[in-house]
Amino acid sequence: MPIDNLPPLREVINAYGLQANKSLGQNFLFDLNLTSKIARQAGNIEGKPVIEIGPGPGGLTRALLAKGAIVTVIERDKRCLPALLEIEKHYPKKLNLIFDDALKQDLSKLSETYPEKPRIIANLPYNIGTQLLLNWLLTTSWPPFYESMTLMFQREVAKRITATPQSPHYSRLSVLAGWRTIAKIAFDVPPQAFIPAPKVTSSVINIIPRPQPLACSVQKLSLVTKVAFGEKRKMLRQSLKTIGGKELLEKAGIDETRRAETLLIPEFITLANLMT
């Protein structure tokens with residue numbers, strides 16, 4: 001069942017010659033039922049501001065607009081302009097187009113133009129998805145500029161974002177995400193849902209900011225997690241050697257023979273807060 005009166009995405013992609021650009025990390029979703037499922041994950045978005053990164057030909061964009069959202073898309077590939085302009089005509093005053101590199105955009109300033117905090121909903125380009133997420137997790141002010149995030153990543157990345165201590169995917173990204181947010185995998189998306197089909201399964205995750213995360217310096221927690229997981233197979237007394245090693249661990253009351261993958265998030269916070 002169509003979500004609007006616009007052409008099917010396969011026709012749009014063919015009509016405008018939109019072959020996915022590997023260097024931009026593009027994989028286009030073409031199943032509008034699936035894009036609608038992603039839009040539903042964000043809850044009631046009718047009349048709500050939404051920011052989408054990397055819309056491509058606009059499959060998810062159409063699903064968000066069909067749900068009544070006020071959407072701003074950020075796209076650096078100008079080949080997508082004609083397809084997005086067609087959507088803009090269909091949804092007058094509901095779609096704002098920004099053609100730029102998402103890594104160069106200050107979304108916190110953009111959000112100040114909205115009457116309420118936006119939701120970020122996106123099938124993120126694979127090559128910049130993790131960096132974008134880190135930028136949004138490590139904002140200077142908290143609570144952040146966004147209400148929630150519903151994002152698609154490669155499944156391996158999604159597992160690292162949502163992993164818990166002692167699990168094989170527990171990583172620096174798990175700690176930084178778990179410190180300030182609650183992140184959960186909603187569902188998986190098979191490779192055949194994309195054009196072109198990637199070699200891996202993708203996952204949609206929901207991320208909700210914690211209103212009052214444990215107090216900690218962003219810079220210090222970034223550093224302690226970077227060095228700890230940089231040599232995660234080593235004991236902490238060795239992996240943390242450059243930032244205090246045994247002395248820091250003793251102050252924190254943490255066994256120096258443990259490894260990064262065993263530490264709880266509050267223990268990483270303690271280490272960061274004790275750094276000089």
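Numbering starts at 1 and runs along the chain as it is shown here.
Cβ atoms here come from the backbone N, Cα and C positions, even for glycine.
Per Swiss-Prot, S-adenosyl-L-methionine binding site is recorded for Asn27, Leu29, Gly54, Glu75, Asp101, Asn123.
Structure coloured by features recorded in Swiss-Prot.
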residue: Asn27; record: S-adenosyl-L-methionine binding site; DSSP (3 states): coil
residue: Gly54; record: S-adenosyl-L-methionine binding site; DSSP (3 states): coil
residue: Glu75; record: S-adenosyl-L-methionine binding site; DSSP (3 states): strand
residue: Asp101; record: S-adenosyl-L-methionine binding site; DSSP (3 states): coil
residue: Asn123; record: S-adenosyl-L-methionine binding site; DSSP (3 states): strand
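The 10 Å shell around the Cβ of Leu29 (S-adenosyl-L-methionine binding site) contains 21 further Cβ atoms across the protein chains shown. Considering other CB atoms within 10 Å as the measure, the emptiest surroundings among the binding-site residues Asn27, Asn123 are those of Asn27. Remark: Asp101 (S-adenosyl-L-methionine binding site) has Arg76 as non-local neighbours, by Cβ distance under 8 Å and separation of at least 6 in sequence. Residue density at Gly54 (S-adenosyl-L-methionine binding site): 25 other Cβ atoms are found within 10 A of its Cβ, drawing on all protein chains shown.
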